[in-house]
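*Asks:* Below you'll find the structure I mean.
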């Protein structure tokens, strides 16, 4: 007869365990959810027939002695000769096993009426050899064991942090002297090793993605031919024409018109247009195919899912190896395709994948979901660090936008990881300019007081843009999932359609033809520093050329907004940060050019009295910076991190105040549309269980019974009647519930609804009878809830009862001999519990067997 027992649970609450310690890993190989973890449940539960020994009136104290911080001294480096003192607490595994054995023997003597009053604890005064409260540290605050987390479930934060505290307690109790100090130092160094390796890896990947995406993007217009001057096919245009004063006269770079020897101007334009569209569609289609075929979680930005994971949600395979590989390759292809998307958000996902994989060899991090999320928060900061060349901005981004729980130690870890990633990228120097990112600029001029008005106008524009963008993007996302979308089941075809539309729109407008990173760099730069690099024609000398350029800027800003709206949400790696920067920089530069033109034509106007003669008064590039910050703030609703990122991009402390004003106004205007930014909107759209601490929406004024699942719609397991392995397997195969309440139902004779519970093969689990009171004086007795068993726990228990394990099996208990558990399907199963089970006690046992299973 199998007995499904609960280890360290409330009465009737089941916890099935495996001796193997597997956390709820989000990696590819985390499909087996069974795990053994440590669990805290600070409970004092008594059996139904028991009491607390001293009676309810007797005070029960669980007071602990205060723990003093150990001082560093020579005696701490030497073995402690008084380790056997009665005052010393023993938390070694031998002590815990002995304690568990005592509890099992005590439970067998007391039978089913075991309660805390019969257990020798410091509270009852029968436990000797330890200080007050020491024995209860393990059982009241100490961990038990549990099944690993299912996919799309939430972790137990209290359980995970208690497990870590218990691990550290045992580590410090079992280590003394010089070797003990070395072991503690090694244990503390694990997280720093992971962070340093993660930072280096993220820096290398970011440099590789930048280089590959630039080369693929330049392939759309031509290639670098092999030459004696150093030209090679694998060089993008910047490296191929390195050292040329005018890149337009670079001899090594060959356009497709020149390669096909087309002399006519019209024919050349048509050929280059066709090549541009074909390569754009090819790159986008390859990215979509890779995502759909190999790693579906590599799609989108990944930041909404990262926020949800850091909040305690489990998404398996989201941070796995295949996701990392496909996300990196797909990101290179998607960016090179010319779609209005960015790589900044996906780089956060890439960084978290790297950290998750690097943590795998270290059990202390891999098996603790809470500590794992602390490391992921630090890794996310490194992703923003390499995306913007802003280590401090990355730390603030993780704090402000991503992390659900961000203690002081996590901030320090985030800073180290972000710094290492930035230093690595700087050492690689992928652009050979000394800049970490392509659009990093420097300003030598300041701003004037009258410019506060156009800066504020940019902030308002950014808020309006962000609010409208979020609403339109959510409408597109809803249409994409609706039955009215003919391409709903064909994501690759949808990407093809959007890529064709984008390529056909981008090529005629010179502002949209290049990659967004190159466009943002030119928009941020001053005209006197662009020189011959003005590939977008931003520095027109004539009035007519300036007006034409402003119209192109505004047209590109409007078209880019629409294309970003339909692009963000496709089944490809796509971020929204860089497109937002580009759109804001476009309308910001346009306003800056207009103000500059007006000042040049009316230099004697009153507000321009502060301008010095023969010195440029207006810098349009600064308007692009402020506009980019306002657009990004309107879309993401971030504030402090955006200001710091922009400051680190420009290196000009002078422009912090205008950026702050624009960001503040943008957030205020955006909040008037909706309180949620783009990432929170996608979290709500996908239905992720993320609790936003900034959400002040009042709870609905409804009763709990209207929110909870009705008892008539539930499937329960009646512990009062007989069950077999076969009947429980039928239950699992014929239902899709995540778990089942374990109840003691009213008698079958008095309750017609449960008259079929006597036959286990007739599905006695099908009925849950609610408590009802008739108009008569007699009331229908309610069902008694014993506990809850999840589908994973029940499945694991049945599988364990139907298999054979041995000492050579890594999933078997230590010290467990080869025992046949191949029980027949007709074996009866019981649901019972222990009031205070030992964490080392096996949770599946068969009466009459002398060895623990």
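Cβ atoms here come from the backbone N, Cα and C positions, even for glycine.
Values in this document were obtained by computation on a predicted structure and should not be read as measured data.
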*Asks:* From the ranges 508-528, 529-549, 550-570, pick the one that TrEMBL records as transmembrane segment.
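*Replies:* In TrEMBL, the transmembrane segment feature sits at 550-570.
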*Asks:* Could you check which of 346-368, 576-598, 599-621, 691-713 is flagged in TrEMBL as transmembrane segment?
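*Replies:* Checking TrEMBL against the ranges 346-368, 576-598, 599-621, 691-713, the transmembrane segment one is 576-598.
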*Asks:* Looking at the ranges 225-249, 375-399, 725-749, which is given as transmembrane segment in TrEMBL?
*Replies:* 375-399
*Asks:* Have a look at 153-171, 172-190, 191-209 and point to the one annotated transmembrane segment in TrEMBL.
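*Replies:* When 153-171, 172-190, 191-209 are checked in TrEMBL, transmembrane segment belongs to 191-209.
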*Asks:* Given the ranges 452-470, 471-489, 756-774, which one is assigned the annotation transmembrane segment in TrEMBL?
*Replies:* 452-470
*Asks:* Quick one: do the transmembrane segment (490-507) and the transmembrane segment (273-297) reach 3+ CB pairs under 8 Å, ignoring pairs fewer than 6 apart in sequence?
*Replies:* yes
*Asks:* Would you confirm whether the transmembrane segment (411-431) and the transmembrane segment (191-209) meet the contact rule of 3 or more C-beta pairs below 8 angstroms, pairs 6 or more apart in sequence?
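*Replies:* Counting Cβ pairs under 8 Å, at least 3, so yes.
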*Asks:* Six or more residues beyond either end and a Cβ under 8 Å away: which residues meet both conditions relative to the transmembrane segment (652-670)?
*Replies:* 442-443, 446-447, 451-452, 455-456, 458-460, 462-464, 466-467, 622, 625-627, 629-631, 633-635, 637, 639, 642-643, 646, 677
*Asks:* Answer with yes or no whether the transmembrane segment (273-297) touches the transmembrane segment (576-598) by the criterion of at least three Cβ pairs under 8 A, sequence separation 6 or more.
*Replies:* no
*Asks:* Please indicate, using numbers and ranges, the residues of the same chain that are 6 or more beyond the transmembrane segment (318-341) and have a C-beta under 8 Å from a C-beta there.
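*Replies:* Same-chain residues near the transmembrane segment (318-341) but 6 or more away: 26-30, 205, 208-209, 212-213, 215-217, 219-220, 276, 279-284, 286-287, 290-291, 294-295, 297-298, 302, 305, 309, 347, 349-350, 352-354, 356-357, 376, 498-499, 502-503, 506, 515-516, 560, 563-564, 567-568, 570, 572-576, 578-579, 582.
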